[in-house]
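These features come from Swiss-Prot:
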- 7, 8, 9, 10, 65, 122, 126, 130, 188, 189, 190: substrate binding site (BINDING)
- 60-65, 75-76, 81-82, 104, 139-140, 182, 192: FMN binding site (BINDING)
């Protein structure tokens, strides 16, 4: 089936060097705030791309739970496919796509686990059903729906309303080494600004051809 006639003109914004923030995390924070103001559904949803030990890539949507100058934090099962990938190869890439604003942000970097205290704090902020779910799900392993629901009942009976954080579950932080901000423009002459480390604890910005 051909879908070659599906196209639209991007005309909702511009991205100029003189208007961009000096640091990529400040530019990201600005765009994130604007995505929230525009009521973009789940603006913290991102594609996380990882690569396993054999070089096979995989990608999935996950939600960031924090971002700051240190990087971008998300939580998951350590034994999931992405967890196994990151154990073998800690390099990963993130992609945020805010269609309503005709914007995307690409981020590359190295992923590290956050501290146990940070994982505990976030885990205990979650709804109890989600905390039970972290125990019930042997993420990425084959299972029937009936068996999954049976595991949920078992862990509800075991922990009640106070499940502890499972040892196989916690947080990761992607420490960025590369940012690219993309703003759709007419005639496919999009704006692309790239930030890279300058070797002096700062960042250098330049424009890429669309």
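Just so you know, glycine gets a Cβ as well, placed from its N, Cα and C.
Positions of Swiss-Prot features highlighted on the structure.
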residue: 7; record: substrate binding site; Cβ neighbours (10 Å): 8
residue: 9; record: substrate binding site; Cβ neighbours (10 Å): 11
residue: 60; record: FMN binding site; Cβ neighbours (10 Å): 13
residue: 64; record: FMN binding site; Cβ neighbours (10 Å): 20
residue: 65; record: substrate binding site; Cβ neighbours (10 Å): 15
residue: 75; record: FMN binding site; Cβ neighbours (10 Å): 21
residue: 81; record: FMN binding site; Cβ neighbours (10 Å): 16
residue: 126; record: substrate binding site; Cβ neighbours (10 Å): 16
residue: 188; record: substrate binding site; Cβ neighbours (10 Å): 10
residue: 190; record: substrate binding site; Cβ neighbours (10 Å): 17
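Of all the binding-site residues listed (104, 140), 104 sits in the most crowded Cβ setting, with the most other Cβ atoms within 10 Å.
Annotation for residue 62 (FMN binding site): spatial neighbours 45, 46, 48, 74, 76, 82, criterion Cβ-Cβ under 8 Å with sequence separation of six or more.
Cα of residue 65 (substrate binding site) to Cα of residue 140 (FMN binding site): a span of 21 Å. Within the same chain, residues at least 6 positions away in sequence whose Cβ sits under 8 Å from that of residue 192 (FMN binding site) are 15, 180, 181, 182, 183, 207, 208, 209, 210. The two recorded residues residue 190 (substrate binding site) and residue 104 (FMN binding site) have their Cα atoms spaced 11 Å from each other. Calculated from their C-alpha atoms, the gap between residue 7 (substrate binding site) and residue 75 (FMN binding site) amounts to 35 Å. Here substrate is bound by 7, 8, 9, 10, 65, 122, 126, 130, 188, 189, 190 per the record. The longest Cα to Cα distance in that group is 44 Å. Recorded residues residue 81 (FMN binding site) and residue 9 (substrate binding site) have their alpha carbons 37 Å apart, per Cα-Cα distance. For residue 75 (FMN binding site), the spatially nearest entry among the binding-site residues 9, 126, 188 is 126, judged by CA separation. Of 60, 64, 104, 140, all annotated as binding-site residues, the residue with the shortest Cα distance to residue 9 (substrate binding site) is 104. The two recorded residues residue 60 (FMN binding site) and residue 188 (substrate binding site) have their Cα atoms spaced 27 Å from each other.
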